[in-house]
Amino acid sequence: MARIDLAHLATVVLGGQVLSVLIAASNLVNTKLWQITAADPETGFTLSFTQLALHYMFLLVVFIGVHVVRAAQGHSLRTDVVNAFLKTWKVYLPLGLFDFYANYCVTKAFGFTSSLSAFLLNSSSTPFTVIISVLLFKAKYKPLHYFAILVSVAGMGIVCWQDVTATSRLVGDVADGSKVVVGNILGLVSGLLFAAANTTQEYSVKSLGGPLEYCTMMGLFGTVVSILHMALFERSEITALTHAPADQVGSIAACLAGFVAAMFLLYTLASLYFTTASATLFNLSILTSNFYVLVGTVLVLHSARVTAWYLVGFVLIVAGLVVFNGDPNGWSDMFTRAQASRDVEGGEGARTSADGLLERDASSAAGAGEGGYGTTNAGDEGKNKA
């Protein structure tokens, strides 16, 4: 029987729960922001593009700052940023689009359905991620792992069922049936887009330049895309914000700051998480965010009630995570097979390729010299998070 690595198990399970709490926090702040800005159908407005632009700009500024500090220590800014951009933009451009539109669909869905319903439907990213991982990353799972996935998804289903039958809508939630359908569709679309973004993120972190490059490029492409959308579609909302009462502006600013902080930590820490975990495991881990959102609506927004079934759903999700990680060698994809190749041929420092991907990573690191992006170095330097 395979020996269970308890340290790794604790890292991926607890680390996943930190990310899950951050996702729940961003969701709750989003809900509060919508309540402040859009509750009145006559004068309300939304800031979906603006809040995403602030998030991506902050990510870009911080990690460009990291590169500047590295340059002062002797690293090459041209190699770290310019050359990396020229080599990898074809990956990060679609990744930036997937990520931006996934985030946009989630934030927009809050205006059409309850925040819990939108968020739960967004959790459809888990089965989508499994499908993409099998098709593109050649992932191979044992029946035990599929069972673990089903257990976690069943737990999410229980929480979703309770959302429909046992909780009340938040104050100001839309009750119009046709609009609720639109919100549900947006939630499902965001799930598919997040699955595409997460699997591409796993590829970029493990096979390109590591967490530091990922956060920098996501900040860059996300900023360009979100500012363009903001300038084209949200000018009237920004004008409305300038005419809002001072107390409302203060509340909006606080919500935007909270959203940006939560998203920054999420992106930075998630990029580090992907150095040791897969997109499938990431999506399984964040299924518990549904439970944390529910707790937040009770404790912070005072708008829902918790039943014993929510706790059952939470326990099932966590149990599925533990079972999935209980057999560390029982599943594989092209990344784990590449690691096994390196360990066999030359230890952890060897640079052999699997499916042609890690050879490319090695050559880029060698060419970069001092300014290279070894995953370990990038992870240390990129730490804090998304």
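Including glycine, each Cβ sits where the backbone N, Cα and C put it.
Here TrEMBL flags 7-29 (among others) as transmembrane segment.
Here TrEMBL flags 49-70 (among others) as transmembrane segment. Packing against the transmembrane segment (49-70) from elsewhere in the chain are residues 30, 33, 77, 80-81, 100, 103-104, 107, 212, 215-216, 218-220, 222-223, 225-227, 229-230, 233-234, 237-238, 256, 259-260, 263-264, 267, 371, 381-382, 386: each is 6 or more residues past its ends and has a CB under 8 Å from a CB in it.
Look at TrEMBL and you will find 91-110 (among others) tagged as transmembrane segment.
Taken from TrEMBL, the feature transmembrane segment applies to 116-137 (among others).
The transmembrane segment annotation in TrEMBL covers 144-161 (among others).
Sequence annotations record features per position, and here TrEMBL assigns transmembrane segment to 181-200 (among others).
The transmembrane segment annotation in TrEMBL covers 212-231 (among others).
Within the chain carrying the transmembrane segment (251-274), a Cβ under 8 angstroms from the stretch's Cβ atoms is held by residues 12, 15-16, 18-19, 22-23, 25-26, 29-30, 32-33, 36-37, 47, 50-51, 54-55, 58-59, 62, 201-202, 205-206, 211, 214-215, 218, 241, 244, 282, 379, 382-386, all 6 or more beyond its ends. Marked as transmembrane segment by TrEMBL: 251-274 (among others).
The transmembrane segment annotation in TrEMBL covers 281-301 (among others).
Residues or ranges marked as transmembrane segment in TrEMBL: 307-324 (among others).
Feature annotation from TrEMBL assigns region 'Disordered' to 363-386.
Between the transmembrane segment (181-200) and the stretches 7-29, 91-110, 144-161, 212-231, 307-324, Cβ pairs under 8 Å are most numerous for 91-110. Here the listed stretches are 91-110, 212-231, 281-301, 307-324, and the one with the most C-beta pairs under 8 angstroms to the transmembrane segment (7-29) is 281-301. Long-range Cβ contacts of the transmembrane segment (212-231) within its own chain (Cβ-Cβ under 8 Å, at least 6 residues beyond either end) map to 49-50, 52-53, 55-64, 66-67, 80-81, 84-85, 88-89, 92-93, 95-97, 99-100, 104, 201, 204-205, 238, 267-268, 271, 373, 377-379, 381-382, 386.
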